[in-house]
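Report on one structure; see the data block that follows.
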């Protein structure tokens, strides 16, 4: 099997699980499920990216599977935008603005935390080798 084919299969498998996790969040927490899914996704993508940067021999199928597959299916930019528009149309523009700004601010903060956590875990794992 070619590397390209393996990457596509990995993305599909990980996306399946990311989609299930997101569906569970949305069914369990509704509107807040989308918010927290996106925030957690910001953390996870940064975490995996910086963790894998600490190692030279990480398989590409794993990096694209977790990043593009799992996190890509777990997060949703389109639903985020739709939720903002729904709040505007429901004449609650303050709620829309708070949701929009908190998503951007918390997303950035959690990505920053994920970056630092990924670097630290990577350093710890390298020291154990």
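Cβ coordinates come from backbone N, Cα and C, glycine included.
Per Swiss-Prot, the features are as follows:
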| type | residues | note |
| --- | --- | --- |
| TRANSMEM | 11-31 | transmembrane segment |
| TRANSMEM | 35-55 | transmembrane segment |
| TRANSMEM | 62-82 | transmembrane segment |
| BINDING | 72, 75 | Na(+) binding site |
| TRANSMEM | 94-114 | transmembrane segment |
Non-local residues, at least 6 beyond the ends, that sit with Cβ under 8 Å of the transmembrane segment (11-31): 37, 64-66, 68-76, 83
Residue 72 (Na(+) binding site): tally of other CB atoms within 10 A of its CB: 18
Neighbourhood of residue 75 (Na(+) binding site) by C-beta distance under 8 A, where only residues 6 or more apart in the same chain count: 22, 37, 38, 41, 42, 45
